[in-house]
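Asks: The following block contains the structure, expressed as structure tokens.
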Amino acid sequence: CMYMQLYKVWIPDPEEVWKSAELLKDYKPGDKVLQLRLEEGKDLEYCLDQKTKELPPLRNPDILVGENDLTALSYLHEPAVLHNLKVRFIDSKLIYTYCGIVLVAINPYEQLPIYGEDIINAYSGQNMGDMDPHIFAVAEEAYKQMARDERNQSIIVSGESGAGKTVSAKYAMRYFATVSGSASEANVEEKVLASNPIMESIGNAKTTRNDNSSRFGKYIEIGFDKRYRIIGANMRTYLLEKSRVVFQAEEERNYHIFYQLCASAALPEFKTLRLGNANYFHYTKQGGSPVIDGVDDAKEMVNTRQACTLLGISDSYQMGIYQILAGILHLGNVEFASRDSDSCIIPPKHEPLTIFCDLMGVEYEEMAHWLCHRKLATATETYIKPISKLHAINARDALAKHIYANLFNWIVDHVNKALHATVKQHSFIGVLDIYGFETFEINSFEQFCINYANEKLQQQFNMHVFKLEQEEYMKEQIPWTLIDFYDNQPCINLIEAKMGILDLLDEECKMPKGSDDTWAQKLYNTHLNKCALFEKPRLSNKAFIIKHFADKVQSLSGFLPSVFFLLLYQFKLLPELFQDEEKAISPTSATPSGRVPLSRTAVKPAKARPGQASKEHKKTVGHQFRNSLHLLMETLNATTPHYVRCIKPNDFKFPFTFDEKRAVQQLRACGVLETIRISAAGFPSRWTYQEFFSRYRVLMKQRDVLGDRKQTCKNVLEKLILDKDKYQFGKTKIFFRAGQVAYLEKIRADKLRAACIRIQKTIRGWLMRKKYVRMRKAAITIQRYVRGYQARCYANFLRRTRAAITIQKFQRMYVVHKRYQCMRAATIALQALLRGYMARNKYQMMLREHKSIIIQKHVRGWLARVHYHRTLKAIVYLQCCYRRMMAKRELKKLKIEARSVERYKKLHIGLENKIMQLQRKIDEQNKEYKSLMEKLSNLEITYSTETEKLRSDVERLRMSEEEAKNAANRVLSLQEEIAKLRKELHQTQSEKKTIEEWADKYKHETEQLVSELKEQNTLLKTEKEELNRRIHDQAREITETMEKKLVEETKQLELDLNDERLRYQNLLNEFSRLEERYDDLKDEMNLMVSIPKPGHKRTDSTHSSNESEYTFSSEITEAEDLPVRMEEPSEKKAPLDMSLFLKLQKRVTELEQEKQSLQDELDRKEEQALRAKAKEEERPPMRGAELEYESLKRQELESENKKLKNELNELQKALTETRSPEVTAPGAPAYRVLLDQLTSVSEELEVRKEEVLILRSQLVSQKEAIQPKNTMTDSTILLEDVQKMKDKGEIAQAYIGLKETNRQSPQDYHMLNEDGELWLVYEGLKQANRLLESQLQSQKKSHENELESLRGEIQSLKEENNRQQQLLAQNLQLPPEARIEASLQHEITRLTNENLFYEELYADDPKKYQLYRISLYKRMIDLMEQLEKQDKTVRKLKKQLKVFAKKIGELEVGQMENISPGQIIDEPIRPVNIPRKEKDFQGMLEYKKEDEQKLVKNLILELKPRGVAVNLIPGLPAYILFMCVRHADYLNDDQKVRSLLTSTINGIKKVLKKRGDDFETVSFWLSNTCRFLHCLKQYSGEEGFMKHNTPRQNEHCLTNFDLAEYRQVLSDLAIQIYQQLVRVLENILQPMIVSGMLEHETIQGVSGVKPTGLRKRTSSIADEGTYTLDSIIRQLNSFHSVMCQHGMDPELIKQVVKQMFYIIGAITLNNLLLRKDMCSWSKGMQIRYNVSQLEEWLRDKNLMNSGAKETLEPLIQAAQLLQVKKKTDEDAEAICSMCNALTTAQIVKVLNLYTPVNEFEERVLVSFIRTIQMRLRDRKDSPQLLMDAKHIFPVTFPFNPSSLALETIQIPASLGLGFISRV
């Protein structure tokens, strides 16, 4: 019996539902009472039920509490389920829990960081039982089963309103969109989310339980293609709560859209809707709560309208929708007036109905008539009958509901069109978001349908659970019996069977006088006392009760108004209104103004037609819902279902608050407890044999352990559990009845407890004996020393007592004497001070009286003066006021007089004369004023001087008067002082004696003070020394802190640099991905296009600068495409913005298209020129003019050639004559001057050559133009056209065209001969020749004038050239900075002058000036292009000069040291170097241009890395390629260099694309690419890379080309290869990590596996074939050996190893954070042991300094966190300081997940976790829970020169490179 003392049970409780209690004594059969003690310490007697004699349910052991799967609990019952959910939700903050095949999701009412993309990646590809419960795990299981079983799936999400159904469905869809891998169609979920605002506005409303409650169910099918990528979606809705449109309960609202419209009524576009406040409309004010706190309906309306626009609903369509909605609101305000009991009317011109008719487009009279009447159709006649007011109101409400339902369905259809897939759907996953079981005080027709749907779903769920159980038993070959479970079929039959509730409801709706009362009576008569599930309430005759699987539900029989719209079909108007809903309601019928006219036609009596009353028009809401529910069930039955049950933890939306009553109610309603009951009825606990053996090995003896694990488990179980019915042995598992696992755990715990007690007993005895011996020895030693010490102390005490008595005697005598002397002196001093104080007080009092009298005198005088001045001021003010009053009166009189007409007349008489007189007077007065002003200024000056004099006199007199007064006062005071001094003299004499005494005393005290000061001085010195020492210490500390700060800043800079590198390399990775995608698309296009376009040629890609990406095409043909960088190092790569990169990429494509079009145009021009040339060749030989032109051109070129040869000879002579290396060095001044002169001469020569050719071509054209055959050509116009031509190409093209026009065909002559008019023509030609001769004379004159002007221009150009040379010479003397500035200033001046000249020249003709500006721009562009070409030529010449100078210097030195002139003449030259041929190799390889593809094919494309790595030197392909590049550089063949490098890069990319998943291939080419990059650096000729070279290696440096940009390209390629290598090794390692690092028990027997639930399909114990830690280490060894064989740089190997260890640590930690079963003390020990093995591997490989160990620090700290104590505040402080590599979220997550495996371990208290959170709240770290396992550290390639000599490298024949020869 398990009911023993200390065992715990669950007892019912009205508040907490179930309470835990502990048994105080054993239970014996027959006991009627159980002695219990509650958790709060209260004792209780629990009475057992005497009828059933059922004992209270037992509580599971503590180690089973908090399980991921409820079926893993040993005791499966309601309190165990409730407690497990509560512990997970409250203590561990875990909202998901499995219950067999069901995922229970509790709404936390708080945002949790468990839905990020990192969590999705962590769950992707995992088994459902391997990770903690999550909605993503259910979604992954559905996705995996869809791909594996080729069967459609469905996820059924149910729960109460506010339980989180919609959020769960949204996260499931987000998971599918993320893992489906469809980049192009991944926005399907975004489209669904974009439809959320409008779906929520028309389908959600505020209820008492939820402010945003979905009042409809939906089933979303997410479609997938054959590759299981999302292609589309489809939404089906169920059971819209239409009754909410016309009725809302207290504190509830109608659908949001109505309140949004009312809040936006003031908008201009909504004026026509005539809306107002929500409290005005009957349909929106019934709930009394029109506003939701924190929600702005106007803003929500903006979101709704935006959503409509995104879904493709235009503005006119939207206005149609809003008109319908506004019409519904106005329809609700329509009122009826009763005429009698059976009829009613609508008041005439009723405003709400008028607005409704205007908005809906119907006739007012017809609408008013049919709302108050109904039509009864019989077989022969049709009757129109009035209806009562109540029926009319019901009809109005039914119409409103039906309109709204049709509008809702249309919007859903539109959403489906937006989400429709364009590709054929292969499979789908359906997500059903529907209500759970609902019960209220008043349950309407909607609640009835909801519960009916849940009955159907629960039946399907029960059958599915039973089916799975049956399959499991059959799979394991276990005999099973039929399990009794709740059957929903009777309840379903009650609702939907024949004569069921729905049938009776439909029948009542068809009755003419059908009512709720008659329907209720029919229900009572049919089902009461006949069906056990149907009951009648005692106090009601209109309600009924149905016993559902979850609870009893009482419904009022007011269902008829909900389905009453069936009667509307008997009207005439409304069948026309709704017969074509697509035309009436859909926006396709909307007028341009946005209105939706439903019907404007007059209503006429309709003739009865056969089939008019079809069955489709007789469907009620219940019938429609029943059909849609059957369709849904068929869909679900055709799929594999997955269940998510959402639980609402409390009704107040408090975060992480658990209400047990509400939770139990929902658990019963959603079927979770039914699942538990079905599982508990059979064998709920299931263990594999390996798991059972690992867990209960402690219960076995050594002799019981056999080789066969299965037989071992059978033998042990037969001994432990005697009742064989309690377990069954399957093929792979052991099945236990409920409670047996708890029994086994008890036996195991007892065994472990007994073993622990025995171990503790032995160890404690040994420790106490050791401690006693040690304490005894220590006590004896202490006693000996203490006794000796006490004796010595007593002797000292006696001596000190005797000495103290003697000292006290003398000390007391001295103190008494001293006290007497001090008192005597103090008395005398007090007397003297008191007497002096009294005398001084008397003197001060007399002095104050005298001064007060003087002060009173002055104050009284001042007061009198003040009074006088105040009186005088008041009198003056009164006079002013009086005078002002009199002046105002006078002014008023004058104004009155001025207004009178007579006054004006008088004034106007002689006004002009007066004005003139006044003007003269004013002038005179001005003159007088000026004179007076001058006089006044003079007077002021004289006055100021006189006043200054007077003031000085007055001051002097005042001073003399004050001195006199002072003298008189001084005499009196002196007399008084003399008398006082005489008195004081006597006192002074008496005090002298006392002062002398005081002096002696002061002297004595001073001596004492000096001694004290000396002592203080010594103390200050010591303090000073101490302060100096502290200052030095502080200085040292400051320097240390500064050094630390410097180190920290350096680290921060390094981190920033790594971030920049990481950003660049991520962009490079993205670029490579886009490039691969482009190549794939290109290949697809090539396959699609069968015939290539003729004449199409891919243009050359251009190289960007160092700050941007590098793109290369397969062919590069022009040297101008490769700009040379001289100064910028390739390692400095600025960060690239992705948006800028995309813009540049777009711009490049546009430029390529433009270039292609130009290339096509150029091809057409060339074809025309070739055709013209072919025609020319068919003609007779060239004329004299063409020959002359060619000869002129040839002579010009020959002269230029001679000049260049002469200059080159002079240059060589100058170089050979100058022996000094400083002169010929590249940086010497003479060298720079020479280069500058060479550049200027070449530029001038080019300009002169073009000018001469233009002039001569013009002459030739003129001669050709004046030939007699050119009779039809105007020579003047032709000459002007030729003069305008500046380009040689234009002249040649014009010349060819001229020849074409001047040519005559022989056919013309033949025609003339036939007509016989040849002679007439000859005469005409003569006359024409004479005319041409006269014109020729005029042309000669104009030509001579033109030549003169051209000569003048040439002369001016020569002068300009001379001036330019002078300026150049001056600039050469300046420093480089000033030289550039001077040249720029000169060029600006020249261009300004030229522009001014031409502006003046073309001032009258703006068109010519515009043409001049255009030609100037063209010339500038040509000059820029020429400048770029010349720059490149100069760079080549500079390099050649360097080489020539170096060679000349070496030759001169060699000749001077080794060879004499006699030897040169006398000794013959013999070729005797054949034996030394090997030493003459220059380390180059020669190949032909046509063999380049063969070289790439044999060396890159078809090379097998394994053979090369084993048999040949590392990096051999890189050395071969570089030696080929060296030879092309030696030949100065830039085309060959570029082609070889481009082919090499493309070849490596092809190999990696073809065999990119092979680690050896990727490693091999990463090593060779780095070696090739190092060779380009080592032999580049740059000093920074030549430090470690031998002299022979320095001779092998590149001489002609700077390949710095190609080094950057190779560096980028190496980065891409490195990232691909990381991806390859990650794919290889990822399956091993979790199994090897977490699941495998490296230390056997440390951890025992806990019981698992139904979800745990795979075992945590390593079976055969699973990965272990040794597998990981073997793989690491394999990676390391391959990289070493390929000769990879050691620094690069360290970076690869660091990346591998980061991947291992990140994946391990992420799985640890998502697996509750792995968070235990023993697992922490396993992880630390595994990490130590990895560290040992690093030591063996000498890689401890690679940074790999640091990447495992988060995992190490997580393992330590699992092992440390977790109780006190000190433990919390230690954890906070220890776990600095873990984030706060990770620390809290590990503590929440910590699970004891044995009873001796304790759970982490919630208070302790809160303490950790409080201590870590100031830590600023990432809120992200998981580590980024995809993170790749930025890679660097440190320069690693090779010591291998190139000339010693041999090419093996196995490579097939026989066409290459060594040079």
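Glycine too: its Cβ is placed from the backbone N, Cα and C atoms.
Nobody curates TrEMBL annotations by hand; they come from automatic prediction.
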Asks: So which range, 48-75, 496-523, 1420-1447, gets flagged coiled coil in TrEMBL?
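Replies: In TrEMBL, the coiled coil feature sits at 1420-1447.
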Asks: Which is it, of 585-619, 1005-1039, that TrEMBL names as region 'Disordered'?
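Replies: Going through 585-619, 1005-1039 one by one, TrEMBL gives region 'Disordered' for 585-619.
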Asks: So which range, 1155-1187, 1188-1220, gets flagged region 'Disordered' in TrEMBL?
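Replies: My reading of TrEMBL: the region 'Disordered' range is 1155-1187.
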Asks: Residue list, the region 'Actin-binding' (629-651) vs rest of chain: Cβ under 8 Å, 6 or more residues beyond ends.
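Replies: Apart from its flanks, the region 'Actin-binding' (629-651) reaches 85, 89, 99, 101-109, 135, 138, 141-142, 145, 149, 151-165, 168, 172, 209, 219, 236, 238, 430, 432, 436, 452-453, 456-457, 460-461, 464, 657-659, 662-663, 666-667, 670-672.
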Asks: Run through the region 'Actin-binding' (629-651) and tell me, per DSSP, how many residues are helix, strand and coil.
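Replies: DSSP classes over the region 'Actin-binding' (629-651) add up to 9 helix, 8 strand, 6 coil.
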Asks: Taking the Cβ of G162 (ATP binding site) as the reference point, list residues of the same chain whose Cβ is under 8 angstroms away and which are at least six residues distant in sequence.
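Replies: Expected: N107, R209, N210, S213, K648, K653.
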Asks: Taking 8 Å from the centroid of the Cβ atoms of G159, E160, S161, G162, A163, G164, K165, T166 as the cut-off, which other residues in that chain fall inside it around the ATP site?
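Replies: Not counting the recorded site residues, we get N107, N210, G436, C646, K648.
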Asks: Report, as a single number, how many Cβ atoms besides its own are within 10 Å of the Cβ of E160 (ATP binding site).
Replies: 24
Asks: When you measure from the Cβ of A163 (ATP binding site), which residues in the chain that are at least 6 apart have a Cβ under 8 Å away?
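Replies: Expected: A105, N107, G436, C646, I647, K648, Q666.
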Asks: What are the sequence-distant neighbours of K165 (ATP binding site), meaning same chain, six or more residues apart, C-beta distance under 8 angstroms?
Replies: V157, S158, G159, S214, D433, I434, C646
Asks: Give the sequence-ordered list of residues that share a chain with G164 (ATP binding site), lie 6 or more positions from it, and have CB atoms under 8 Å from its CB.
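Replies: Residues satisfying the criterion: A105, N107, C646, K648.
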